[in-house]
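Presented below is the structure to which this report refers.
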Amino acid sequence: MLYVVIIFLCLSLLMYVLLGGADFGAGILEIFTPASMREQLRDTTYKTIGPIWEANHMWLIIAIVILFVGFPPIYTTLSVHLHIPLALMLIGIIGRGTAFVFRHYDAYQDDMQKVYNFIFTYSSFITPFFLGLIFGAAIGGQIDPEAMGFYEAYIHPWFNLFSISVGVFTVAICGFLASVFLVGEAKKPKVKSVIIGKAKLFIVFTVIAGGLVFAASIIDEVPLVGLLLKEWITIGTLVLATIAVVVLWMKLKEGNKMMVRFLSGFVVTAILLAFGYHYFPDIIITKSGENLSVFNSSAIGKPIDTLAWALLVGSLFILPSLGYLIYSFQGSKEPNQANG
Amino acid sequence: MDDLFAARSQMALSLGFHIIFACIGMVMPFFMATSHYKYLKTNNPLYMDLTKAWSKGVAIFFVTGAVSGTMLSFELGLLWPEFMLHAGPIFGMPFSLEGTAFFIEAIFLGFFLYGWGKFKPWFHWFTGVVVGISGLASGILVVAANGWMNSPSGFDFVDGKFLNIDPVAALFNDAWFTQALHMSLAAFTATGFAVAGIHAYMILKGKNREFHRKAFTIAIVFGAIAALLQPISGDISAKDIAVRQPAKLAAMEAHFETSKSAPLIIGGIPDVEAKEVNYAIKIPGALSFLAHGDFEAEVIGLDQFPEEYHPPVAVVHYAFQIMVGLGMVLVGLSLLYFLSLWKKKDWQLKPWFLWLFALATPLGFIALEAGWTVTEVGRQPWIIYEIMLTKDAVTPIPGIKYSFFIFTAIYVSLAGIVSFLLYRQIKAVPDSLKKNSQASSNT
Ligand code: HDD
Ligand code: HEM
Ligand code: HEM
């Protein structure tokens, strides 16, 4: 049963990065869009993401619940040593979630919109940055449960080059996912060509940021490159991801929307898989080398079994309705609520 | 402000904030579904307008509830890691089931809000009902988790270790039913009176009277029925904690000394040093009767517990008085409403009648916050009753007060923005009504 729980944990994290990532990316895109085009971009975003918006961040909550029920030492170690970036990420989540809805449900369209937009775009940027940073810190090997000083225990684990570069990389990925996702939605040719431009820009960003992560891992002595290149499976997946990026680049303009979306999802999944495979079963790499893994940190016996059953039964309800939700709003022309 | 106090305050603030939005998110879908049902039955476009107007408010509240709930699931670890390390696997079951309920709620809210004109009318109505039911289910589940903290079960506590964990037994702890029942009723009472109050005020202002009267009726019927049941359920809760958590009952009643035929103390100022209550009304034997159904029964007082395990008496006592007092006011208003239905229909348009309800807008929510103060502060100094102390559970990271200040600022601004948006929604009702009736004449 432990494996069922582990699979759900990976799945919900993957879903959060893919769907949530596209969602954050839409906000990031706004920062990089000339003011004259923003209105149209916002419209497109709202139509595409609006209906599934609420469901997106549920993946994060599921992952958190799995962590604290199934793997409490991992949850508490992260909460204690990464308290500060977690709190900052929460602020981002609050700002973003509320601003997104407020700007659509404010009964009047006036200067308040500027405030909402400001909060929306910047928190879209902050949240994935800290999410990535936390991820980087977990595997960066700087968490030290024995540390005494404030800096050593609560700052250094995440305030280092490697974690920060993973944060930047995550931001780039979100922008990449969103721009590719929106390509298929844009109806007006002018909007479409702007979005394609952004997509290309973000592909370049992602590649550069990926390079940055490797460089930082060398500087911070995180054993990443050497080990990644030792295993055939990780090499294979990363090569496939690279090929997919190249294909995507060529097909952006004329490719159909399902195909480009699939490719972008594939790229991100492959990167995560390569990392996941490489680190499995460890989740937190500590300074002393006594890592916390899904095996040595899991609850045992009934808690895991009931959690697994709850997840299995839950997904019987959730997956069909989620599928139907996405299906129902495919290619919808009018956001009815907005003028309703 | 020391770290423990800051952490407790931050937790209290976050929960106190979340609960308001959670209640509205739980109850409003039922109001909407009722109005929607009436529309489908009568074809009166006012009901359609009402459903839509409410659904916009709900979207605003829902998202605030969702982000503050997301906060909470992180805060449990950020503030109480030692607690979560042990409690997570035990009381996690309601949270994992709740995940499903939330997911369904979120998905169906998507259907409901974005589905106008897309689905068959009755399917669309059904999606709204599902939102309500799954919201209620998630509320009940999370209250069951809280019940476990009050009445831990489903494990053996041996030498400081939690062994033989059984999450199902933990979910069905001794407190879950009374708490879930009382809380669900409270959600309907508080939301019903708040919504009815706002619409009563709008009728007084004389705008769209028909529209607001329909809204008022739906909300008050739900609210009044729940308010009438509330004291019954509260009495069950009190009898329950007399057995389960006598220290909490003693603090609620400021009952310092164990005694037979104990008096019920109403109001008054507890003096913890002198162990007495000044200026209070005392009804002889009534406490024994309320707690054990017998005027002669012995009621355990605080003297049975070592001083260091006493909850803060004054806070709990005042909070309890506020809850019960307001509960009685709401019972009175509910009776008044049913009386008007039965005998005096014309009262419902009289300004004094409407003013009474308009002034009662916040009362349900005040009672609700007071009730949670009773439950949560009354549990102190334990985070898991008689198993783990709150001070042993708090995070080791220093400087929690800064986090408390920052989150206070965030909650205050959010509350400000939400009120502002709500004000604008209500102000815009006449305009949107015109637009809607045009739109609905097209369909
Ligand atoms: C609209 C809100 C409201 C109203 C009018 C009342 N309550 Fe209440 N009460 C709550 C809202 C609430 C609550 C916020 O929902 C609590 C906190 C935890 C819980 O389960 O319910 C609560 C807790 C609570 C407890 C503690 C339960 C425990 O710790 O397990 C008792 C003994 C009562 N209530 C008793 C009463 C009585 C005798 C009332 C008579 C009028 C009453 N309540 C009205
Ligand atoms: C939403 C309604 C709730 C409100 C208004 C509320 C209120 C409070 C208050 C006032 C405190 C501070 C008590 C003190 O330290 O003196 C507190 C503490 C706490 N509550 Fe609640 N509570 C609610 C529901 C819950 C639920 C459902 C849970 C868990 C499942 C929970 C878990 C906690 C924890 C872990 C603490 C900190 C430890 C402690 O102080 O004992 N609460 N809450
Ligand atoms: C008595 C206490 C509580 C009640 C009755 C309650 C009820 C609810 C309800 C009905 C919602 C749906 C959102 C809405 O409709 O606005 C919600 C959201 C949420 N709550 Fe609570 N809650 C309580 C306490 C807590 C606690 C202690 C936690 C965390 C540990 C929590 C975590 C969440 C989360 C994560 C969400 C967001 C889910 C979503 O996106 O729909 N809640 N809560």
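Glycine residues also receive a Cβ, built from the backbone N, Cα and C atoms like all the rest.
As recorded in TrEMBL, the features of this protein are as follows:
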TRANSMEM  A:6-32  transmembrane segment
TRANSMEM  A:57-76  transmembrane segment
TRANSMEM  A:82-103  transmembrane segment
TRANSMEM  A:115-139  transmembrane segment
TRANSMEM  A:159-183  transmembrane segment
TRANSMEM  A:195-219  transmembrane segment
TRANSMEM  A:231-250  transmembrane segment
TRANSMEM  A:262-280  transmembrane segment
TRANSMEM  A:307-327  transmembrane segment
Verify whether three or more Cβ pairs under 8 angstroms connect the transmembrane segment (A:82-103) with the transmembrane segment (A:159-183), leaving out any pair fewer than 6 apart in sequence. no
Outside the transmembrane segment (A:82-103), six or more residues from its ends: residues with CB under 8 Å to it: 24, 27, 53, 57, 113, 116-117, 119-120, 122-124, 126-127, 130-131, 133-134, 137-138, 143, 154-155, 157-158
Close approaches to the transmembrane segment (A:195-219) from elsewhere in its chain (Cβ under 8 angstroms; 6 or more beyond its ends): 25, 29, 32-33, 41, 136, 161-162, 164-166, 168-169, 171-173, 175-176, 179-180, 182-183, 186, 225, 245, 248-249, 252-253
Listed stretches A:6-32, A:57-76, A:307-327 vs the transmembrane segment (A:262-280), most Cβ pairs under 8 Å: range A:6-32
The answer for the transmembrane segment (A:57-76), taking Cβ pairs under 8 Å and residues 6+ beyond its ends, is 5, 8-9, 12-13, 15-16, 19-20, 93, 97, 283-284, 292, 294, 297-299, 303-304, 307, 311
